[in-house]
Each structure stands twice: as C-alpha cells, then as structure tokens.
Amino acid sequence: MAAADAEQAVLAKQETKQDCCMKTELLREDTPMAADEGSTEKQEGETPMAADGETNGSCEKSGDPSHLNAPKHTQENTRASPQEGTNRVSRVAENGVSERDTEVGKQNHVTADDFMQTSVIGSNGYFLNKPALQGQPLRTPNILTSSLPGHAAKTLPGGASKCRTLSALPQTPTTAPTVPGEGSADTEDRKPTASGTDVRVHRARKTMPKSILGLHAASKDHREVQDHKEPKEDINRNISECGRQQLLPTFPALHQSLPQNQCYMATTKSQTACLPFVLAAAVSRKKKRRMGTYSLVPKKKTKVLKQRTVIEMFKSITHSTVGAKGEKALDDSALHVNGESLEMDSEDEDSDELEDDEDHGAEQAAAFPTEDSRTSKESMSETDRAAKMDGDSEEEQESPDTGEDEDGGDESDLSSESSIKKKFLKRRGKTDSPWIKPARKRRRRSRKKPSSMLGSEACKSSPGSMEQAALGDSAGYMEVSLDSLDLRVRGILSSQTENEGLASGPDVLGTDGLQEVPLCSCRMETPKSREISTLANNQCMATESVDHELGRCTNSVVKYELMRPSNKAPLLVLCEDHRGRMVKHQCCPGCGYFCTAGNFMECQPESSISHRFHKDCASRVNNASYCPHCGEEASKAKEVTIAKADTTSTVTLAPGQEKSLAAEGRADTTTGSIAGAPEDERSQSTAPQAPECFDPAGPAGLVRPTSGLSQGPGKETLESALIALDSEKPKKLRFHPKQLYFSARQGELQKVLLMLVDGIDPNFKMEHQSKRSPLHAAAEAGHVDICHMLVQAGANIDTCSEDQRTPLMEAAENNHLDAVKYLIKAGAQVDPKDAEGSTCLHLAAKKGHYDVVQYLLSNGQMDVNCQDDGGWTPMIWATEYKHVELVKLLLSKGSDINIRDNEENICLHWAAFSGCVDIAEILLAAKCDLHAVNIHGDSPLHIAARENRYDCVVLFLSRDSDVTLKNKEGETPLQCASLSSQVWSALQMSKALRDSAPDKPVAVEKTVSRDIARGYERIPIPCVNAVDSELCPTNYKYVSQNCVTSPMNIDRNITHLQYCVCVDDCSSSTCMCGQLSMRCWYDKDGRLLPEFNMAEPPLIFECNHACSCWRNCRNRVVQNGLRARLQLYRTQDMGWGVRSLQDIPLGTFVCEYVGELISDSEADVREEDSYLFDLDNKDGEVYCIDARFYGNVSRFINHHCEPNLVPVRVFMSHQDLRFPRIAFFSTRLIQAGEQLGFDYGERFWDVKGKLFSCRCGSSKCRHSSAALAQRQASAAQEPQENGLPDTSSAAAADPL
C-alpha cells in the first residue's frame, strides 16, 4: 500500500502538482538542500561603487538628490523579457527552486549586452540610457573605484570559498544568458566585445562569514549530496503520509465527546471574546429566566437541574465524621435515589409550562421522594409515612397506563422502590418529571385514588405490588433481574427497628428465606445511559481501595454498558480492566470500591471462584454475617492480604476523602440501616461518579480538584447541609433565580445548595448586575466553597459579564488568593481580557495584591509584559499606584521597563507622574531611559515638574537630566513647573549652574527622533546624537519587511509549503518544520540552543501559516518581529551605529536585515554598494538585499571583526530557497549600551579595503590600517626573499 501511495504521489506530481503528495515531494527536495548549505555557490557580479565618504560601509551622505528626484519603477510599466515568458511556462518545484529548462536564462533583469535597448528604467528608479553605438557602462563609475577589479558584498557565514576570485572576474559589461548547472555564467560566458570598452565595476556586498571548515564542505561535489537524497525519500514520504493522516482524525460528535455544559463552554469562550454584543443580543431574545440555562444531558431541551445530580455531585466533597452521625438510621436509598441515572426527558409541554412558571418569577422546588426511607425513623411517624404513601400513590394512579418503553435501557436502576416508582410513572406516559411537580398540576388532583403502596412500608404489607413495580426495570438487565430479591432484602434491612418488626411478621418473609440475604450484581450489565456515559467524560469511574487509600482510575472507556456490584452502589462506566475485575467479584458490594491492595475478606464457594469484600461490609441478617456476593456465611471466608498494586494510572483522592476508609465497617447493617450515616458519608465523599459526572469546564481527562475546598467552617457547613438534605424532607420552597446570585455573594451556603437542588440555573445572569453570574459574585467575595459548588453544578468557569469580566478577574482584583488558586486549578483561563483589555494580572497589579501577582506569574501561563488597550503593562500599573514591592517582584520576573504605552510613555514617566522616588530609583538602577520622550515630547523631568514632584525632580537632575529640553509645545521643564514653587527653584538653580560654566562645553545627547520606524516596529527605535549637529537620516524609506521594485517571482503558493500538524509547542522531534531545520533550534525562551553552530549556521524553517500549530508555538521567533531595545546613535568615527539599550542574552534574535530584493545583475549596476547583502543562493540566479533606499535599523549596523551578531537564513511565509530572510542572533551576552556589529565578510573588504579601513577597535581586527600595512609589508618581503636565496650565506661568509 505504501508503494502504491508513493507511485500515486509521483504521478500526481508530474501531472497536476496540486495533490497532497506535494508535501512529500517538498520534503524530499528541501531536506537535502537545507543540509547542503556548505556547497559551492557560483557567484557573479561587477565592480561596485565605493561608499560615499563613510566608513564600514553603513554610512552615507545625508541626502541623495539624484535618487529622490528619480522616477520610481513600478511593476505596471515593466516590460517582460522573452526569458520571463518562458519562465512563466516552466514548472516551479515545491521547494521554490525553478525547474525550468536549462536553456532558460536570467529573467526579469536587463541584460548588459543588449545594445539595441535605448532606454530602460532600472529597479532603483534610474533611467538607463544605452546608445547603440557606444560601449559605455550603464552607470558612470566613480573615479575612486573605476579601476577596482573586486566585487564586494556582505555575505552569509559558512561559505568562504563562494566569494568570487578577482582573476576570474570579467572586465566587460557584456553578459550572456545564464545556464543553470553549468558554473558561473559571468565568469564563463561573458566575453569582451571591443578592446577599448571601459572596465565594469563590481559592487561591494556584505556576506555571511565563512569558516575554515566551510571551505572543505563547500568543495564537495554536488553529486555527493544527491547520493544522500535517495535513502531519505522513503522516510520522508512516510513522514509526510503520517502528517496527512494526522490532519484527518475522526472526531466524535461534539455532544458525544463532551457534556453539554462543556460544549457550551467550548463555544462560548471564543464567541464571548469575539462577539460580546452579538451574544448579548442573542441571549436577550430568550426569556430572562432562561438566560444561559443549559442541561447536563446532551441534545436535550433546556430544563431545570434535577435533585439527584446535586446530591450525587457533592458526595465527592463531603467527608465522613465519627460520632453522633453514626447514630442516624438512614435507609440505603439515600445513595441510590440520587445516585441513579434517571433521564428526565423535557417534553415541549413540560418546557412550556416551566417557562410560564418562570415568567411569574419563581422556580419549582424539587419534590423530594416521599417514599424515600432516608428520613430517620426516630423523626418520622407512621402517620407521616402513610400520608406520603397516599400522596405518591395518588400520582401513580393518575397517570395513564400506556406501558410503553421510553429509553428504558437508560433507566435500569434497581436501588430503591422510589426510583422504580418514578420510572414506572414515566413509562406510563407521564409527561412531567416526578421530581419537579408544578404547583398547578398538584392542584388539579382534587381526589385521592387507591394506593399501590410502593414504599419502604410496602415491603411489609404488599409484596405483590413490589413485584409489579419492579417489572419495568428488570428489562434493562441482560441477566435475570433480582428486583424482587432486592426489594425484599431492602425491607429486611431497612432499619434496626424494622428488623424487629419483621421478626414478628414472618408471613411476609417466610415465603423464601434464601432471599433474605442480598446477593451481588457483579455479572449484571445495564444498557448504556446517555447521561452517565456523557458525564463520565470517557473515563473510568472506578474507585480503588489500596491500603486504606482511595484512588480514581483515569483509564479510557471502550464499552459504555453500566455495571455495579450491588444495588447499593451507583451505576458505573468502567474501563476494560475494571469490567473484568467486576465480573471476577473483586469489587466490594458494601462500599462499591475495588479491592485492589490491602487486607480483605475472601469467600471461595468453589476452588476457582473467589469473592472479595471488606470485613465490615459483610451483610448482616439477625446478627449473622454473610458474604455480600453469594450469601454464604462470612465465617467460611478467610482474611487475605493482597500486595500493593501498580497505581500509576489512578488519581489519589484528597486526604479528607480517605479517612472514611480507615473504618470500613460502617456499613454494618446491625445498626438498623443498610446505608447508615457513616456509610452514606463515606459513599458521598468517595463516590466515583460525583467528580466524573460533574466536570463541565475542564478538558477531557481533567479531574475536578475536590481538594481545592479547604478544611474549615465552609466544609462543615456543607457537610451539615448535605446531611440535612439526606435526613430530612425540606419544605417546598419557591426560589427566584436572582436569589442565587445574592446568596452566593453573601456566602449563604445552605441556601445556594437548596436552590441548586431546586434546579435553578447556576449560569443565570443578573440583568441589573452587568449580567454577572453567581460564580462572579462568589469569586468576588472569596467564597471558595460556593465557587466549588457552582462549578460542580455546571457553572461556566470562564463565563463573562457585560464588561467581559471572568470570575477569576473578580477574585484576583479583590485579593482572594484561595479563590484564585481554586479557579485556576479547576481550569479557568488566566489570559482573557475584559472590555478594557485588562487581564487578571493587570487588575491584581493595579490593586497591589502581591501574593496574587506572585501566584499568577508562578503559574507559567501569564505574560508579565502583556499590555491592555491603553498599552499599559502590569509594571506600569504598579508604578502608577506606588506598589514598590510589587515593582521589585515584576522586575525580578523579567518585566520590561522600557515598554511604551499608546502615548509612548515608559515606566519612568509614570513614576514621575505618581511621584514615587523609590520606584524611580529602582527603574533608573535597571537602566531605564531617563531621556525618553513621549508623543508630546515630554521627558520624565517635564512630567515631574508639571506634577510638582520635588523628590523626583531632584533625582532626575542628579542623573543629568536635560533641563533645557523642549517638548512639542516649546516648553522646558522649568516652564512646566509652577512659578516660585520648590520644584521651580530647583530647576532654576540647575539651569543657572549650567549657564555659569560656558567654557566647559559638554556634549549633550539630543534625541533627534523618538522612533525612526515611525511605529512600524512593536518597539520604538529612538535616534540620538551627542557628537555633532547631524539630524536623523532621511535619505531612505524605513520598511519593516523586504520589498521589491521589480517582479521577483517568489514562490508563495501555500500548497507548496511543507507544514507541521503538531498539537504541542513544536519542540518535539516529530515537527515537520523542525525536521527541515534538522531540529527545532529554539528553547522555551525563543533563544538559540547552545549546540547551534554559529560558525556555519544551518537553515532554519520556522512554522508557517499552513501549519496546524498555534501562533505562539516554540518554532516561531523571527516572525514575531523586533523585540530587543535598540537605539540609533551617532558614533565618534564611524557615522551612525546601533547599540542595545538592554542586556541581550546569548542566542537572542535581535533584528532582521531588511531591504529591497534585487537580482545579482541589478546589483552590478547600482551606484551605491555599501548596503548590499548577498543571499548566497547555491543554484541558478543570485539575489541580494539592498538596504540603500529601503531598509530597517539593520542598515546602520557596522562591521566588527569580533562580531556580537551572526546572520542566519530563515524561512517563514514561504520556502523559496532563493529568497531567505536574514536574521541576526547574538553570539554572546551583549551588555546594555554596547554597539552591535557583524562581520561583513572578506568579499566586502576586498573591494572596500582600498577605500577605508576598519575602525572596530578590536584587538583582533583584520581590516584596520595597521593590519593592512602589516599585510602589505609581508607581501613585499616575500618576493625579496624569493629573489635572493643566498644572501644570508654570503653575509655569513663576509669577514666584515
């Protein structure tokens, strides 16, 4: 199949070039080329013009009138050559290299030998007049360089052998079409046409530095590289095919892969952030009571939440207590009524009636099952029981007898008579949920009907009715149902008092004594339940008991049929491992935990069968213990110790949830209750379905951290509220959804719980509270327990208010560290922004909450330099509000103090505004720019004087702040101060001292431009001059990206790009872009790895817009633009230079060499060659970047013989190997204030070395005047020694 795919890929490449196999071909063609950077490049060119009086090739005159007045050359008025037409027909390979015919010459460039052309417009805007009968060159050469035989250019590192030799360069301007693959066209094909023609001028070009090792690599035959291509083809093809397969995963339906509340969150996160007003309009069309409501059941209509969900979910956070709670006699249905998986269908009629009730401003209270024997026997009288049975029987008889199955497979819980009755009523065609009874429906029932007595008392008086009620559920099991057995046993084991009553009534139990002992249902299987399967979040719900510690299984689920060890335990979705262990009776029916490791009882009715259970979970009937699996006497069982199992796949529960296991015998039925209070508490605290079924906010596989609820009064209050719900029947209250918001804000835990039980939507938003949710209110007040309750009940943890505030923002702004920790651990996003662009870090920094800021930064997901809509960073907010310790913290975390806001103020401006001299000193010690001016021309001294901040004024004056600097209004700091104030006096004195010493002229650094990039860079680049009166250079156009003035035919076809399909940060070895670069060369901070070869830098292929990774992946650095603080300044002897305003670590991206993309032939006719950078193409046409007329700050970077920058070829938006982007990375630690420099290359100095010398000042300078003189002396001495070989011997023989 792989061979067939490869053959099909090759065929598709030959025919259509648009098949997905183009990715495979591109990998096969590009990878060897990326590794072949050291191969020999054929370069050609002509002798260039010299620099205009500046040194190191980066300095020119302030203006160039000839260029400024020249007409611009546009693409529209360019006439294509015949070769260009051929090139359009030729095929372009996926790697960007043209696969044109070998006879095709250079395209899109003016040939120098065409004397029939009388007038041509060059790409630089000049008219190129060429008389047909004259042999003049296209440009009049400068007198200084007319006789220079070299062609200088800045070059890339790793190819010293690629520079053109002076002896091979032609002396005529005539050229012939270049034949690719046949060597240098200029050196072989150019032939003189007349002996009297002028000598062509070769242009100076900056190049990549060449190493000695590069000479050997460059000298290798190209065929050797091609030999290595073959074994890589199959590997690359497989990699590409795998990448394509990863692009087409089979995703399940959204409602099947996530609970509906998760789907709600997943969609509303992005929608809320992008279209807040559209969402608000859409939501407002609903009734106010229905705003934001959603169900926990996928693909269901909106409905109120059910009572059983809230009780069930809080079983994971309540903990058992020892003492009086054990005295309560609670029936086992306390767990099963709320733990079963009842699917309440919301019919249209039901939804309409509920909406009508909501429009009147009230929610229906949840009707607690009256027949539920959770009510303690001590507090419930027989009269109350009779009344309850009458009411429930009335409801049963009123429902029509249809007997149809409605999702019967999902309703097969046999835990209690109450659940059977409810499902029986539902299957009878009852449209209303029996859990929530609208008041008007209850009012319709004006007369009572005979009751079938389906309750705990019905077990004693009417066994026939029990069997009838059980028939509806028995169909859900695949084996013979034990419904009637369970019901009889329930009647036997309901309570201690009932046991005594049952002993006196043998007529009920005497029919079948064997059914008195409950048997397990380990081998019974219940059909799938859509609700439980969805809320299980595709994870196993098993809880393991390992040495008295409980752990959660995190394995994925394959089969969704439900299982449980007994009717006391909830229905579970299990993984294959736990399904097999369930069938082997390794799950204790008493507590529902898997007996994994520790001390257990083991019953062996047969040699090949063993039943595991806890000693205290044995079934007890009439003071006799029995095996809860088979009913055999427990005395026959033996205690075994199972070795500790591998628990690496489990999640250990909170310490508070484990203490219930220390006394696992609390299920002892001799106390009169099959689910006594301790057993109920233990089940609630460790029930596996609670955290599984209520995980609405986190991604798949995220377990809600129940340990986030701290031990304290909130925990005790919650426990008491849950116990009250389980032991008593609360009054039928009618709550308005608005009450949930106020109760959450006031910390009324019990009321919040009751309202959630009643089904009030936890995402209800208050219209008059900026559409804030109860979670906003709880987070704002710091009620962690209520936050946990709301999140577990389905509250959207990232819900946004009208001003786009999230609950995490409210907690951070109000300094509730515990709430912040809980929300982040529960999955809240830390980087959303509110309507003003502020994150939670901005809000906390503004208020000075040190601990919150420290925790947010330690989380690792927060950007310490994030800016809001005003451009203000957390550092600026902390500075303005005088939070000194917070400023120190942010500075230690890497905060950039020179980031400018929208008005180009830096932190020092805001320190002057606030008047905090301590922060100002900290900022100045961190090398903050004291002379920075904002958009109004104000320096920090201006602002301090205007705000009358005397201490700051004195501090700035002591640091030599310019008191004479004028802003755009023409005001000096002295004029900004209040007349005769203390600040005015200090400024006046400073000015007088300066004026009193006119004989000591001090060079004052003046800011001649606040940003030479005019805002095109993310970080402004100021220009200063402290040497002379030269203004900021204006004889060029600043551009932040490469530009063209003539067609270059760069292959930007997105289908030709090789791309990755990474889901991580692209740091793994499987990233396709990293493989093209041999590996990802960036670390997590965006710096080059230490093993990066600075001498011969490899090609770097960054991730592009065709990749599936995120925009902030690790393999995107250069495309993020300028990040370092740079400054253009006037040097003493090298014209303009560039220096850093901050410390730049090793391997940091500094800037990119940006200019005009031109061809090699076009570079030969350019008059100014000081800004040419050779792109070092290996095959075919050679291209250059000319920063003379268009460029960025890198055009001012001077040469240095010990460079602190190295140029690297990088590919981003395209992968055309002819046009790499040149990125400068630091080769060592660059100190703040240090001048930047890179090695121009030998080719540049071969031409320019005769015009000027290098003045880098390095001890290893190779191109200084002294080094040049030494080389000339050595060169002159060698011929002399060769001409007189016997001079030394003759002198020795001379007696004189």
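Placement of Cβ uses the backbone N, Cα and C atoms for every residue, glycine included.
As recorded in Swiss-Prot:
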BINDING   Cys1066, Cys1103, Cys1109, Cys1113  Zn(2+) 3 binding site
BINDING   Met1134, Gly1135, Trp1136, Tyr1171, Asn1198, His1199, Arg1255  S-adenosyl-L-methionine binding site
BINDING   Cys1201, Cys1254, Cys1256, Cys1261  Zn(2+) 4 binding site
COMPBIAS  14-31  compositional bias 'Basic and acidic residues'
COMPBIAS  77-89  compositional bias 'Polar residues'
COMPBIAS  97-106  compositional bias 'Basic and acidic residues'
COMPBIAS  342-360  compositional bias 'Acidic residues'
COMPBIAS  371-391  compositional bias 'Basic and acidic residues'
COMPBIAS  392-414  compositional bias 'Acidic residues'
COMPBIAS  438-450  compositional bias 'Basic residues'
MOD_RES   Ala2  N-acetylalanine
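Distance from the CA of Cys1256 (Zn(2+) 4 binding site) to the CA of Met1134 (S-adenosyl-L-methionine binding site) is 9 Å. The binding-site residues shown are Trp1136, Asn1198, Cys1201, Arg1255; of these, the one with its CA atom nearest the CA of Cys1103 (Zn(2+) 3 binding site) is Asn1198.
A Cβ within 8 Å of the Cβ centre of Cys1201, Cys1254, Cys1256, Cys1261, the residues given for Zn(2+) 4, is found for these other residues of the same chain: His1199, His1200, Glu1202, Arg1255, Gly1257, Ser1258, Lys1260, Arg1262, His1263, Ser1264. Rounded to a whole value, the Cα-Cα separation of Asn1198 (S-adenosyl-L-methionine binding site) and Cys1256 (Zn(2+) 4 binding site) is 8 Å.
In the three-state DSSP assignment, the secondary structure recorded for Cys1261 (Zn(2+) 4 binding site) is coil. Its own atom aside, the Cβ of Cys1254 (Zn(2+) 4 binding site) has 25 Cβ atoms within 10 angstroms in the protein chains shown. Note on proximity: of the binding-site residues Gly1135, Trp1136, Tyr1171, Cys1254, Arg1255, the one nearest Cys1066 (Zn(2+) 3 binding site) is Tyr1171, by Cα distance. Nearest by CA distance to Cys1201 (Zn(2+) 4 binding site), out of the binding-site residues Cys1109, Cys1113, Trp1136, is Trp1136. Here the candidates are the binding-site residues Cys1109, Cys1113, Cys1261, and by Cα distance the one nearest Gly1135 (S-adenosyl-L-methionine binding site) turns out to be Cys1261.
In terms of Cα distance, the binding-site residues that sit within 10 Å of His1199 (S-adenosyl-L-methionine binding site) are Cys1254, Cys1256, chosen from Cys1109, Cys1113, Cys1254, Cys1256. Ranked by CA distance from Cys1109 (Zn(2+) 3 binding site), the binding-site residues Trp1136, Tyr1171, Cys1261 have Tyr1171 at the top as the closest. Put simply, of the binding-site residues Cys1113, Cys1254, Cys1261, the one whose Cα is nearest the Cα of Trp1136 (S-adenosyl-L-methionine binding site) is Cys1254. The separation of Arg1255 (S-adenosyl-L-methionine binding site) from Cys1113 (Zn(2+) 3 binding site), Cα to Cα, is 41 Å. Between the farthest pair of Cα atoms in the S-adenosyl-L-methionine binding residues (Met1134, Gly1135, Trp1136, Tyr1171, Asn1198, His1199, Arg1255), the distance is 18 Å.
In sequence order, Cys1060, Cys1062, Asp1065, Cys1071, Cys1073, Cys1107, Trp1110, Arg1114, Asn1115, Arg1116 are the residues of the same chain, not among Cys1066, Cys1103, Cys1109, Cys1113, whose CB sits within 8 A of the CB centroid for the Zn(2+) 3 site. Put simply, Cys1261 (Zn(2+) 4 binding site) is 8 Å from Arg1255 (S-adenosyl-L-methionine binding site) when counted between their Cα atoms. Of all the Cβ atoms in the protein chains shown, 22 others lie within 10 Å of the Cβ of Trp1136 (S-adenosyl-L-methionine binding site). If you measure from the Cα atom of Cys1261 (Zn(2+) 4 binding site) to that of Tyr1171 (S-adenosyl-L-methionine binding site), you get 21 Å. Distance between Cα atoms for Tyr1171 (S-adenosyl-L-methionine binding site) and Cys1256 (Zn(2+) 4 binding site): 18 Å, as a whole number. Between the listed binding-site residues, namely His1199, Arg1255, the fewest other CB atoms within 10 angstroms of a CB are found at Arg1255. With a 10 A radius on its CB, Cys1103 (Zn(2+) 3 binding site) counts 25 other CB atoms from all the protein chains.
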